[in-house]
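Input: one structure, supplied below.
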Amino acid sequence: MSYDLIVIGSGPGGYVCAIRAAQLGLKTAIVEKRKTHGGACLNIGCIPSKALLYASEVYEEVAHGLGKLGVTVGKPKLDLPAMMKHKDDTVGANVQGVGFLLKKNKVDAFFGTGSIPAAGKVEVAAEDGSRQVLDTKTIVIATGSDVAQLPGVTIDEKIVVSSTGALELSKVPGKLIVVGAGVIGLELGSVWRRLGAEVTVVEFLDRILPGLDLDTCKQFQRLLEKQGVKFQLGSKVSKVEANGKGAKVTVEPAAGGDATVLDADVVLIAIGRRPYTENLGLEALGVATERGQIVIDSHFATNVPGIYAIGDVVRGPMLAHKAEDEGMAVAEILAGQHGHVNYEVIPGVVYTSPEIACVGATEEDLKAKGIAYKVGKFPFTANGRARAANHTDGFVKILADATTDRVLGVHILGHGAGEMIAEAAVLMEFGGSSEDLARTCHAHPTMSEAVKEAALAVEKRAIHM
Ligand code: FAD
Ligand code: NAI
């Protein structure tokens, strides 16, 4: 069998690439080593974590939030197996959906580990030991990423867990220690705190969520602390000793000094992810990598003709929608079109309560580049809909170029921030200004009026503040 394109890996990057290529008339196959399609995102990442985040938020709201609205209910009871079933059913429906879409678009799906014996060939090693070699004009590597390990610490996925184990715990840990105040640590730390765990987050740096707008993160940290999450910033975990029932975690100041030992029932290691390229045969082919990432040019091409790469396995943020957009773009390029990804406008969302959502530059980025900017900020305490729904925590912050007024970055801390950020992304994609946003009619009463007010605030003319 000979193909125009074989995609290795069926995560958001790979399956979107395969479907788009098939839509454009390329004879396409996809190879996946898991038993289901959808990659880390659908199986052990975005989707299961959001199912647990939503369910645990509802649990907490019923436990603590409804009385203020005049709704009195009894103490809620946690049915963890049912909550896990909701998560598993959500995953099941999504991964089946991807299988259906691949079939509908006539993409041939092969299950097994893919490797590249030579450019133009993909070998598929199935679980039953059988092997077949497929011929293809082009190959897109979309093999994603894996958990970054803490040196000297063994992840057993029971007591010392990665995000994968943290999505599967069979009971609520009494004490959860989270190593790393990044996106996974704060999202999954939030899930288990809401369900009753005492959560301590140990972070190497002196701030949470490195890379996001600092002022927004400081406010966010205060809100998380109010919710009961404890932080030990500027600290590193140097040892984790697991015994059958729990673990002793040795924590040292990052700058040096005396260590302390914390007791934990479960330790979540969430210190990042690394590109996954094992068993592909890249070294023998001479495909260039840098710090584990496959090196590509602006058209997603590696240094070996006919081999391309996208998603978590290449440079850029490790986000599902970034992988998807790269998948679309490379498929279009391979079909002779002009696929393109605008890396300046990739939104990011942390799905905690409240959410943090951002797109574009932070104040720190602009200062580092010496770009003069104006700031417009509007708090949700001054938004009618937010008050009506008891969602007054947080704000919208808009950064606009001091000379041209072009919007360079938008940062939202608040309920539903992940939905609100989309209008900022569209505005920025079209090179819009804060004036454009301020002149756009926003429905009343909506949380998104705070986005318009923040745009008005750029020129100090917000109405409701
Ligand atoms: P992956 O999704 O990792 O898919 C790669 C696929 O390739 C896998 O299925 C793997 O089995 C397969 N594979 C690997 N090697 C081979 C081989 N040799 N042969 C055949 N198949 C192979 N991102 C967001 O944007 N939003 C979120 O809310 C979000 N939440 C997350 C929560 C968690 C807990 C985690 C861990 C990640 C989360 N992410 C989120 C990140 C997101 O999952 C990744 O950015 C995204 O999955 C990357 O897509 P990808 O296609 O590059 O790779
Ligand atoms: P991350 O890179 O977001 O955060 C890791 C944190 O661990 C950093 O703050 C880092 O300073 C800290 N750290 C590193 N080594 C440490 C040590 N030894 N001791 C203490 N702290 C240490 O990585 P995370 O949270 O594991 O997530 C991985 C990737 O998954 C992210 O890059 C993100 O893109 C993606 N993801 C995205 C989500 C979303 O979009 N909502 C949700 C979950 C994951």
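Any Cβ shown, glycine's included, is placed from N, Cα and C.
Since this is a predicted model, take the numbers as computed values, not measurements.
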The FAD site in TrEMBL includes LYS50, GLY114, THR143, GLY144, SER145, MET318, LEU319, ALA320, HIS321. Which of ASP135, ASP312 is also listed there?
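Candidate listed by TrEMBL for the same site: ASP312.
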Check TrEMBL for me: it has GLY180, ALA181, GLY182, VAL183, ILE184, GLY185, LEU186, GLU187, GLY272 binding NAD(+), so pick out which one of GLU168, GLU198, GLU203, GLU290 it puts in that same site.
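Only hit among GLU168, GLU198, GLU203, GLU290 in TrEMBL's NAD(+) site, alongside GLY180, ALA181, GLY182, VAL183, ILE184, GLY185, LEU186, GLU187, GLY272: GLU203.
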Any idea of the Cα spread of the NAD(+) site, GLY180, ALA181, GLY182, VAL183, ILE184, GLY185, LEU186, GLU187, GLU203, GLY272, as a max distance in Å?
15
Just checking: which of the recorded positions CYS41, LEU186, HIS444 have a C-beta under 6 Å from ligand 2?
none
Please list residues from the chain of GLU203 (NAD(+) binding site) whose Cβ is under 8 angstroms from its Cβ, counting only those at least six apart in sequence.
GLY180, ALA181, GLY185, PHE231, GLN232, LEU233, GLY234, SER235
Calculate the per-residue pLDDT averaged over the domain 'FAD/NAD(P)-binding' (3-327) and state the result as an integer.
97
Sorted by position, what residues of the same chain at least six away from ILE184 (NAD(+) binding site) have a C-beta under 8 A from it?
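Sequence-distant Cβ neighbours: SER49, SER163, LEU268, ALA270.
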What other residues of the same chain, not counting GLY180, ALA181, GLY182, VAL183, ILE184, GLY185, LEU186, GLU187, GLU203, GLY272, have a CB atom within 8 A of the CB centroid of the NAD(+) site?
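Those within range, site residues removed, are VAL178, GLY189, VAL201, ILE208, LEU209, ALA270, ILE271.
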Would you mind splitting the domain 'Pyridine nucleotide-disulphide oxidoreductase dimerisation' (346-455) into helix, strand and coil residue counts from DSSP?
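The counts are 40 helix, 33 strand, 37 coil.
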